[in-house]
């Protein structure tokens with residue numbers, strides 16, 4: 001009975017796919033929703049129906065997506081998190097995020113964010129202008145120039161093996177050799193990459209972009225690449241900040257950009273085991289949106305949630321801001337399917353834990369596209385929390401704030417998210433405060449400032465602020481909140497209000513747009529991260545920030561750089577630290593060289609002070625010069641041996657890590 005019902009559900013879901021084989025604009029959203037519910041139902045009844053369901057839908061998708069040198073695609077609707085084939089119709093080709101979202105200074109000199117996607121969109125931020133002028137010494141009348149559009153004649157030509165192309169056409173896997181599609185997938189979002197897009201061009205870009213729609217498509221692509229000795233560079237959301245997507249300049253083989261964005265479905269949800277089986281190209285925001293319809297979430301929320309994908313999370317060992325409740329990606333993944341040149345890697349069962357030698361999953365997690373393509377994954381889900389509350393705490397200084405976070409970690413009572421900003425980062429956040437709506441609100445803000453700085457004696461140039469996010473059962477959240485604030489009080493912390501905490505988290509998804517604004521005014525900057533033991537956190541933060549200031553001064557940067565940090569994740573034995581640095585490069589002949597030398601010096605300082613090479617950004621090509629010393633010669637040799645066995649002819653040749 002259950003098998004028959006599940007078979008009917010699977011058949012209906014497959015039929016829905018066939019019926020919706022037209023463009024995205026022709027699809028009925030109610031029909032799509034019904035199809036997802038049928039997949040959920042089939043998951044309940046059979047537990048693991050994905051094999052038959054995936055094959056049926058894969059065939060339907062391939063039939064609907066005939067191979068073409070210039071595939072057309074309808075941009076995703078604003079409420080959808082699906083990345084379209086033609087990414088440039090929805091997203092910036094030479095900057096961060098959506099085309100309709102951009103920071104600018106209006107006629108009154110107030111900062112605004114265009115579009116309607118974010119809570120800050122259309123909101124006037126009146127104090128930012130003074131902050132950016134005072135911090136960087138810039139003249140707002142001096143603006144840089146950049147290329148307004150991509151000129152195909154400026155891009156390297158596409159060189160594709162003709163025999164491969166002939167066989168590819170038989171598979172009906174969609175592809176493109178157009179310059180804009182190839183350039184869009186030739187980079188991530190490191191400062192160097194964006195700078196090149198604005199003012200130059202990459203020496204090497206993919207020769208062809210392929211859009212598989214299911215696991216079987218990926219198997220065919222990898223087999224063809226092995227047959228013709230081609231290079232594959234997988235891409236998910238394209239949010240890499242480690243040069244992970246940059247094509248090796250001396251690669252002479254045809255380079256395939258294998259774009260997983262059309263592998264974006266939840267294949268089933270199992271409410272008994274609280275797991276969901278998903279395709280690896282689904283973005284974080286789309287995954288959360290669909291799960292929310294059924295009352296669930298993963299809780300995995302990296303800052304790149306809008307665009308990064310499940311496959312990208314796994315391949316870089318990602319971390320989310322609410323890991324204190326839900327865990328990092330290594331805690332969430334139950335099962336995965338990976339296509340390699342040697343074949344498919346997949347465990348035979350989905351048990352919660354196994355003692356079967358070294359965990360095969362951990363060979364894939366953090367492999368950064370060097371071993372194969374992650375096509376599907378089973379991940380843990382949780383019921384959507386019933387209650388969420390923000391908060392903030394002001395400390396007299398950064399050191400006392402760190403001591404408080406250490407005690408919270410020791411007592412294992414950290415909220416879903418806790419972030420501690422140093423003073424400069426607090427000042428930056430304060431510069432992004434919206435215009436007050438009334439005299440009364442302004443008066444209250446003045447009272448709060450007076451109370452903290454005059455009555456309690458906090459120095460405005462020393463104080464540090466922690467933002468908090470609690471979620472779960474309402475009664476437990478309120479108890480948890482009291483426990484955290486009681487600990488904070490022992491370290492001189494003062495409750496600074498729910499609004500300040502919420503505003504801090506509202507900036508999470510728009511802060512990346514700020515770099516594009518800076519580039520317009522001769523400001524280049526970047527963020528980078530590390531993790532360190534608790535007893536090294538304060539010294540590491542101080543020494544790295546000072547090293548950045550010293551390096552910039554020695555290299556001729558005329559105005560002191562912005563050099564700031566925050567503690568953004570806490571653990572029993574240490575913390576993750578995020579650094580931001582930026583400087584005014586006007587008058588410097590080679591700003592990229594100065595930037596890269598300063599960033600490298602900061603990384604050297606991190607390692608010298610007991611920090612890790614990376615907490616969650618990964619290694620890529622940007623940091624691989626330090627990998628061997630980080631994991632030892634023997635450890636490095638082990639990684640290389642795995643690579644040599646799984647991919648002996650270097651089909652996955654992005655040259656990350658090794």
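One-based numbering along the chain as shown.
Backbone N, Cα and C atoms are what each Cβ position is placed from, and that goes for glycine too.
Taking Cβ-Cβ distances under 8 Å and a sequence separation of 6 or more, the neighbours of residue 515 (substrate binding site) in its chain are 95, 96, 191, 194, 525, 526. Feature annotation from Swiss-Prot assigns substrate binding site to 515; the stated evidence is experimental evidence.
Residues annotated as compositional bias 'Basic and acidic residues' in Swiss-Prot: 25-35.
The phosphoserine feature in Swiss-Prot is assigned to 65; the stated evidence is similarity to another entry.
What Swiss-Prot records for 74 is phosphothreonine, and it gives similarity to another entry as the kind of evidence.
In the three-state DSSP assignment, the secondary structure recorded for residue 102 (N6-acetyllysine) is coil. Counted within 10 Å of its Cβ, the other Cβ atoms near residue 102 (N6-acetyllysine) come to 18, all protein chains included. For 102 (among others), the entry in Swiss-Prot reads N6-acetyllysine.
The number of other CB atoms found within 10 A of the CB of residue 347 (N6-acetyllysine), across every protein chain shown, is 16. The N6-acetyllysine feature in Swiss-Prot is assigned to 347 (among others).
Taken from Swiss-Prot, the feature region 'Disordered' applies to 1-37.
In the three-state DSSP classification, residue 419 (site 'Important for enzyme activity') falls within a strand. According to Swiss-Prot, the feature site 'Important for enzyme activity' maps to 419, an assignment based on experimental evidence.
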Do me a favour and check the Cα-Cα span between residue 347 (N6-acetyllysine) and residue 102 (N6-acetyllysine); whole Å is fine.
44
Including all protein chains shown, what's the count of other C-beta atoms within 10 A of the C-beta of residue 419 (site 'Important for enzyme activity')?
24
In whole Å, how far is residue 102 (N6-acetyllysine) from residue 419 (site 'Important for enzyme activity') when you measure between their Cα atoms?
26
Tell me, by DSSP, whether residue 515 (substrate binding site) is helix, strand or coil?
helix
